[in-house]
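Below is one structure, written out as structure tokens, with a few remarks after it.
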């Protein structure tokens, strides 16, 4: 197994994009990697998505630029496996990024004063809103013909010693860096202590929560490695490693040339929560299996409750067994609520997986498209993350609490947020029409003159996700079980959709409920006023309330 846990992309001071890194990793046989950009976690979900497609495991990572306030020595702290929202890390690092940007623009001004024909707007345009580093300034000087390479004599004379652009910014406190990583659920590792001569900090850092020390690094000699192994043994620290790859902006030209010891990586994964990557990966893999089967295999079809519209196939069962098996192997203490009941229901665990193996079985059987794999993860009774995979369209929808909504690795928000009810395209089924009349004495036929049009895709999770990206404006169902909507509703809430869940007669999680989702509160108010006659009570979820759902 080949594991590279120290890589930089163009989000900080590397030359390659996340996609380019994944392609290089696949070509060089890397099984697992971590992008450890300086002071930012931007691009994490894109990297995870590309890693899933390539079959490469991604560990969330960062390299925090810190300082020992006593000695004023620079110290780098690597963080791994933290929660995707990384709120404490982001809060600590945001001021550092701002100071770095200000300093870089000052350095460009200094170069201009000394006659260098370099423009800040040119560098800013190439960076596309990302922080400017010395490497980007030097790349512009190379482009202008002042030197042949970034780390040339010109670089040394400008940015080192008494150079006109020398001088550094204020960095985060090293102990605060360790604490921020720990507060976000990650593990903290002292980066390349041989390079920065920070061995002296290990005892105090270990007392303050340090989990590991970087063993394999291009700047480490055999003596450095001997010293690191001794410190790791004394303070019970992990020993990590990686190439510190920066592409053309670094000295190491080969990704994966230096790696993390496999046994140490196994220990690392035992210390962090890897569910963020794991959930997306297993849903994607299950979907790929279904895609191959959708139009090729004979399906054994069963009727539930002797209802022709309530189908289940052998692939529903097999997909659910696959998902449950993968989860049990990785997280044996977790609990399950599944549609097909292939595993004993148990809601007592800290983590609860809510699984709909094929949402849209009728579509799967009849037309071989418009069906999804849908899995939600709850922690201590609260929704944490949901993944819906539109199998045949190859669209992976991800919602993670306080991290946002993502489609194929790209952040999304509600496409349309001011549509009137009279302009709305609405999704509801004939079954919902019957149940609305039966349960609430509401005649859904009366909605026809109030809206622009009606559709029914027959897949609750996909309808909700498609509402977010602008293909629908309102979704209504009179009776959804939690597994029908649990994953999609996390995606919708993180995208700022308006959500209404009807009141329950009891607190059973699997009781079928009224679910209404639309792109603004006014639309729901008009719907309730003109159609529901204020008869229906329930919980309204807005962006500000979403974490209370």
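In case you wondered, yes, glycine gets a Cβ from its N, Cα and C as well.
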Pick the one from 224, 473, 484 that TrEMBL also lists for the Mg(2+) site with 339, 356, 358, 359. 484
Restricting attention to the domain 'Polymerase/histidinol phosphatase N-terminal' (3-68), give the mean pLDDT. 97
Cβ-centroid neighbours of Mg(2+) site 339, 356, 358, 359, 484, 8 Å, sequence order: 355, 357, 360, 361, 372, 374, 460, 461, 483
Of the binding-site residues listed (339, 356, 359, 484), the greatest number of other CB atoms within 10 A surrounds the CB of 356
Reduced DSSP assignment, residue 484 (Mg(2+) binding site): helix
Cβ-Cβ distance under 8 Å to residue 358 (Mg(2+) binding site), same chain, at least six residues away: 290, 313, 315, 316, 319, 364, 371, 372, 373
